[in-house]
Amino acid sequence: MVTQVQKPEERDDVSTFLLRQTSKDEKQKQLDEWLPITSSRNAKWWYSAFHNVTAMVGAGILSLPYAMSNLGWGPGVTIMILSWIITLYTLWQMVEMHEMVPGKRFDRYHELGQHAFGEKLGLYIVVPQQLICEIGVDIVYMVTGGKSLKKVHDLVCHNCKPIKQTYFIMIFASVHFVLAHLPNFNSISGISLAAAVMSLSYSIVAWVASIHKGVQPDVQYGYRAPNPSGTVFNFLNAVGDVAFAYAGHNVVLEIQASIPSTPEKPSKGPMALLLPVALIGYYTFGNHVEDNILISLEKPTWLVVAANLFVVVHVIGSYQLFAMPVFDMMETVLVKKLNFKPSRTLRFVTRNLYVAATMFVAICFPFFGGLLGFFGGFTFAPTSYFLPCIIWLILRKPKRFSISWVINWFCIILGLLIMTLAPIGGLRNIILNAKSYHFLS
């Protein structure tokens, strides 16, 4: 047997290739250690629980009594229970698919999409929806935080000079100009714990205070709108409100990426709190309920003030939770595509710009109910109701007309209907509110 002797120049080429590959892997490792999602994998399972409760039990539940007033008892209860079952199922799918490929973790929603649809198509399908969803949530939470602070001010200081809501949104945003610079999910675990406790607290306060207030003497349970067309549009907007309230899927994989072992199933119990808030709030106020149930409540004053402060603390944590994947995408593009050097300066500038942008949009469009309906239908329906089902069908390939196949297609069809119809009602609501709104008022 003749042994082929490798020429010196060939050995040099191989050595150069290995050095380049090692250098490339080292750079990727350094970048992963800098980026928010992959920088820390030593989170405890209870960090994941805090984050999931904060994400799932969102301020959107405060609009559910208002949604009920536009849906009515029968359709309202049916839609909420159906949404709860579907989103619970798709959440389970997301967690199951996180480590479905041995030795590989899908740390980001779009990575799972790329595995299912292909490298480019996966990005085009998932990233725009996820970005719009997370940015939309942060805008809504800017409005929510500002409204809750204003409610506290108005309840505590009756004789004080009225202060514009714009200033309260700016006060709320000022907190995020500081917190936005926390590097990753683990660093906001304490804030997330406080937010999770507060979200459970104000959910309970909302329906307990409604019971304490009792059914109003002039309560009516008919549809709010005075005409059929208004009723239809309000119904569509309400479906979007429900979709917004039953979500949290956009950050599930990113949260699971922070823990070192096989992902623990997220806490599902807190989602049960949505039903009492919606039903008791609607039962108490009927079709006169505000788009935020805590705005309808006035007494006991101390309890309503406490509940609104709970909301402020919760949306502070939730804002950061939904902003973290956006920060990760922005910093990945700047460093990988535009060749910026990973640095504190880069992080300082980009994150401050993001907070400023969401604050500005919230000041311009402070319409809580309309924003919920629009974003709930347009972005939460795809990412929470049917995109996980499509990915499941592609990757798991259940047998045609099997129970799994039928359930997934049912979710897909229902989700598509919500995505198509709900934004129409939300957009109309925003337009109607904008007619009577004075800019920066």
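Backbone N, Cα and C define each Cβ position, glycine as well.
The domain 'Amino acid transporter transmembrane' feature in TrEMBL is assigned to 42-425. Per TrEMBL, the feature transmembrane segment maps to 45-67, 73-92, 166-182, 188-209, 271-289, 301-327, 348-368, 374-395, 407-431.
Count of Cβ pairs under 8 Å against the transmembrane segment (374-395): among 73-92, 166-182, 348-368, 407-431, the largest is for 407-431. Comparison of 73-92, 301-327, 407-431 by number of C-beta pairs under 8 angstroms to the transmembrane segment (166-182) places 301-327 first.
Here the transmembrane segment (301-327) has long-range neighbours at 36-37, 51, 54-55, 58-59, 62, 108-109, 130-131, 134-135, 137-138, 141-142, 144-145, 148-149, 151-152, 155-156, 172, 175-176, 179-180, 182, 184-185, 188, 191-192, 194-196, 198-199, 201-202, 205-206, 208-209, 212, 250-251, 254, 294, 347, 350-351, 354-355, meaning same-chain residues at least 6 beyond its ends whose C-beta is under 8 angstroms from one of its own.
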